[in-house]
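What TrEMBL records for this protein:
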- 43-95: domain 'P-type ATPase N-terminal' (DOMAIN)
- 129-258: domain 'P-type ATPase A' (DOMAIN)
- 278-301: transmembrane segment (TRANSMEM)
- 331-350: transmembrane segment (TRANSMEM)
- Asp396, Lys397, Thr398, Glu494, Phe526, Lys549, Arg580, Thr660, Gly661, Asp662, Arg762, Lys768, Asn792, Asp793: ATP binding site (BINDING)
- Asp396: active site, 4-aspartylphosphate intermediate (ACT_SITE)
- Asp396, Thr398, Asp789, Asp793: Mg(2+) binding site (BINDING)
- 815-1067: domain 'P-type ATPase C-terminal' (DOMAIN)
- 879-899: transmembrane segment (TRANSMEM)
- 929-951: transmembrane segment (TRANSMEM)
- 963-985: transmembrane segment (TRANSMEM)
- 997-1021: transmembrane segment (TRANSMEM)
- 1027-1052: transmembrane segment (TRANSMEM)
Amino acid sequence: MDLSSIRKLITRYCTGEESWVDSRTVYIGHKVPPPGTEAYIPQRFPDNRIVSSKYTFWNFIPKNLFEQFRRIANFYFLIIFLVQLIIDTPTSPTTSGLPLFFVITVTAIKQGYEDWIRHKADNAINQCPVHIIQHGKVVRKQSQKLRVGDIVQVKENETFPCDLILLSTSREDGTCFVTTASLDGESSHKTYYAVQDTKAFNTAEEVDTLHATIECEQPQPDLYKPLGSENLLLRGATLKNTEYIHAVAIYTGMETKMALNYQSKSQKRSAVEKSMNAYLIVYLCILISKALINTVLKYAWQANPNRDEPWYNQKTETERQRHLIRAFTDFLAFMVLFNYIIPVSMYVTVEMQKFLGSYFILWDDDMFDEELGEGPLVNTSDLNEELGQVEYVFTDKTGTLTENNMELRECCVDGHVYVPHAICNGQILPGATGMDMIDSSPGVDGKEREELFFRALCLCHTVQVKEEETVDGIKRGIHQGKSTSFYISSSPDEVALVEGMKRQDAYCTYMHSHGPTIIYTLVLNFDSVRRRMSVIVRSSSGDYYLFCKGADSSVFPRVVSGKVEQVRARVEHNAVEGLRTLCVAYKKLTHEEYEETCHLLNRAKLALQDRDKKLAEAYDVIEKDFILLGATAVEDRLQDKAADTIESLHKAGMKVWVLTGDKMETAAATCYASKLFHRNTQILELTTKRTEEQSLHDVLFDLSRTVLRQLSGDYQDYGLIIDGATLSAVLKPTQDVTSNGGNYKEIFLEICRNCSAVLCCRMAPLQKAQIVKMIKASKERPITLAIGDGANDVSMILEAHVGIGIMGKEGRQAARNSDYAITKFKHLKKMLLVHGHYYYIRIAELVQYFFYKNVCFIFPQFLYQFFCGFSQQPLYDTAYLTLYNISFTSLPILLYSLMEQHINMDILKRDPTLYRDIAKNSLLRWPTFIYWTFLGVFDAVVFFFGAFFLFDNTTFTSNGQMFGNWTFGTLVFTVLVFTVTLKLALDTHYWTWINHFVIWGSLLFYVIFSLLWGGIIWPFLNYQRMYYVFMQMLSSGPAWLSIILLIIVSLLPDVVKKVLCRALWPTTTERIQV
């Protein structure tokens, strides 16, 4: 064989002219360059290791610490801790360092564990065995040792270890079948072709004798513009229905297209997290104000010489004059003293609440699917509460609202309608045969057309026969315990059509008897631009037929004869009924026309430049002058309870948009069936058909006037339908804003706001994401949710605030890229109305409660400075300062945020309107935040001044001794701990033994700890200022009385407010709770 011709042919398949400048040369089997080639320059390529982990053993600590201290809260507490170490502060560095160390350690352990899981996954991939041809033998190696140029043997159901060029297969025609579910989510079988001049090298010995060179472009991440797309097998795809293949590695490791397309998802932040950050800034301003006020008042108080520092401190005059430095250090000392108003432990508690709370979705038996044997998945727990704030739901149609389980409903041949007895998708079942006509019998010519129609359906497809197989955990090809054959194809519509023909006895008999004499000569595969496919076959008599099958919009314009109007009417009727329609046509070719067609296609396939364009031009020349045979109608049934789910979402105040690639009539029928549109809904169309009659400007303003009329008159339910072409025009900025009335996007958004539902048809994947992004960026900033099951839905799933994937029949790409995954669309109802509702009210209470209890905690410290000469004297002991947020008050609120059910689960499912009570972040709005803050200030004032005035000039103990400052601080702290814990108990609606144990147990723990802390002389302490303080306080009757009295006074205003609000202005939720 002429090696230079092989190289030339492979190069033609593998690269376009534009990529020759920056290219790589691959020597198959690492053979030395053939004589006469250019100077040999060895190139270095990476090995085949895949690295998805974030850290290594050596960089984990520095890299993780760097990332954690990028968070403003952690960095703030680090600065406070360093200030405590550097200057003389009123509290020990331990009080800030210990909570910070706890937060950093817990987060590092969590992130380290997640990265360890990634390392394990990487090792499993990198160490899996692959088979390489070396010296004519098949050698087994680890995947990570594979190198560019190695010849790889891949067997059926094995995954390709890297990007490969297909050299030969076990099939005589040099084809193989591949599923690319891990790349693009499509579980259908795609056909790939071996390089024409190497497909004869079938054995390991023959392949090893191959001397050839591949010159190809450098790695690119674009999956849809690969070099030699019909020869390039991508890493992650799986070989199907082919015994084995031989291929050469051209891209390995992190240079494979799968690795280049791998990117970490953008960090999504919930509305609650944004509220937390806003509140944090407010409290930081309060903290700075407190420190500033105390610093100024300290120097104002010390302006009197009698109140200045005493003479025995031996301050020099120079030191007395350094007011600026002293003032700054005093300011920092006050910052340290009051820094506990910023709750560092809140972040840990929120993280734990989200992580542990996500298990309630995983444990939900109502969302478990028996057929798949799987339940819901939680890919991220950071957005749990966002499920309770959704305002817009963007959903795919096929496989999401519908089952993606196609059934042939009818065939129309020359206007005559045929209806099958029983059609079932997936596998061949006995007992259902034949196809009946429902109108008059065709004549002699009709019989001939009928025969051609069914012959076209039997031949014009890419369906393959397959035995038993497990797909996504479901066994296919099993009937009544016996293994049977079933069909596989790149399109479920084709499977339904071929199964329908299987049940057509007469034509099955015909194909069985004539099948061996019918030979495929050319297949013009389906593509999304042409929206049709064709095959050229030669019959036993030597006649050539071209059969074409495709969308009505792509077939009708190419038809020159046939009963077009009758078939068109039937197609439109079926589309309105929600059926998926395809048209079938044919033409007869002479031998000369066939030869010319072959020559035209070969010339286009071998083109070095603009190959796709030339192929499209060739298809356009070949596929014309058809005779119309008829049409088919396939039904994609609505999913169970899809209509009930959409109706519930509407009642909950959510707007539902359907984004689909289907045609308008089919999608609109599905929307009516799923109750997205009702019979009284006035449909507004913004489609290409209408914009051809009027300008886009006029259509938009007409629709705008229509929907705005309802603001002044009777309410009318509107639904909008828009197609992809019109959407592109709407989103494109207008050139003349003065004459055309401004930006079309704003007018379009205004129309959408006044429509209860929107259907977007003929949508490209990128357009789906653009719509979601447009709604996210609108002035209301609504929370969006996108749900879909296919790879074409991934873009909108990643774009939306919350992305939900359905584990359907189009692979698991959507489920893997989503935040949450469910098995059926109907589970969305419970996920939002129950789980989302609970998550939001729980975390809202957690956030407000944390800020409230820290105001209660630190404001008495602020007041105390007015009575200690602004000397930065702490009110509480160091142990209390450290353990308040970590131990004494953390567990009750964590348990509340995991288990609280303010309304029964069944009521939430039954009454979706309750979802409106928590809409638009209602529990974390500024009025609510201000109320909690003032409640905390009120309680702090009661604690401090109550204890101060009750015991002013009063003896506490039976021996007449007065309490000291630590006893006073302990008394205030005791009232504080009991009040904030009982406040949470009053807010709890759902009591279990766990609640009782944690709430009363935390109070008991505080008492026991105080008794031990003050009752033992601890040898590791340099001071023992709390010795016997707590016992002495409890031995006093007035102390007991004051504790009880102050707790009641502190809790009373909140109780009164709740009683009055429930009586006078109850919400829907509060009415149900009564």
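Yeah, the Cβs are placed from backbone N, Cα and C, and that goes for glycine too.
What TrEMBL annotates, mapped onto the structure for a quick look.
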{"residue": "Asp396", "record": "ATP binding site", "CB count, 10 Å": "29"}
{"residue": "Thr398", "record": "ATP binding site", "CB count, 10 Å": "26"}
{"residue": "Phe526", "record": "ATP binding site", "CB count, 10 Å": "17"}
{"residue": "Arg580", "record": "ATP binding site", "CB count, 10 Å": "22"}
{"residue": "Gly661", "record": "ATP binding site", "CB count, 10 Å": "20"}
{"residue": "Arg762", "record": "ATP binding site", "CB count, 10 Å": "20"}
{"residue": "Asp789", "record": "Mg(2+) binding site", "CB count, 10 Å": "31"}
{"residue": "Asn792", "record": "ATP binding site", "CB count, 10 Å": "24"}
{"residue": "Asp793", "record": "Mg(2+) binding site", "CB count, 10 Å": "32"}
Does the transmembrane segment (879-899) come close to the transmembrane segment (997-1021), meaning at least 3 CB pairs under 8 Å for residues 6 or more apart? yes
Counted with DSSP (H/G/I as helix, E/B as strand, rest coil), the domain 'P-type ATPase A' (129-258) has 17 helix, 57 strand, 56 coil
Of Asp396, Thr398, Arg580, the binding-site residues lying within 10 angstroms (C-alpha) of Asp793 (Mg(2+) binding site) are Asp396
Residue counts for the domain 'P-type ATPase N-terminal' (43-95) under DSSP, helix then strand then coil, are 26 helix, 0 strand, 27 coil
Outside the transmembrane segment (879-899), at least 6 residues beyond either end, the same-chain residues with a Cβ under 8 Å of its Cβ set are 91, 94-95, 98-99, 102, 340, 343-346, 349, 352-353, 356-357, 842-843, 845-846, 849-850, 853-854, 857, 969-970, 973, 977, 980-981, 984-985, 987-988, 990, 992, 994-995, 998-999, 1002, 1005-1006, 1009, 1013, 1026
Ask   = So, does the transmembrane segment (929-951) come close enough to the transmembrane segment (331-350) to give 3+ Cβ pairs below 8 Å, pairs being at least 6 apart in sequence?
value = no
Residues outside the transmembrane segment (963-985) whose C-beta sits under 8 Å from one of its C-beta atoms, at least 6 past its ends, are 849, 852-853, 856-857, 860, 864, 868, 873-877, 880, 884, 888-889, 892-893, 896, 939, 943-944, 946-948, 951, 956-957, 999, 1002-1003, 1006, 1010, 1025-1026, 1029-1030, 1032-1033, 1036, 1039, 1042-1043, 1046-1047, 1050-1051, 1054
Record-listed ATP binders Asp396, Lys397, Thr398, Glu494, Phe526, Lys549, Arg580, Thr660, Gly661, Asp662, Arg762, Lys768, Asn792, Asp793 have a maximum CA to CA distance, in Å, of 28
CA pair Gly661 (ATP binding site) / Asp789 (Mg(2+) binding site), Å rounded to integer, equals 13
Sequence-ordered, the binding-site residues among Thr398, Phe526, Arg580, Arg762 whose CA is within 10 A of the CA of Asp789 (Mg(2+) binding site) come to Thr398
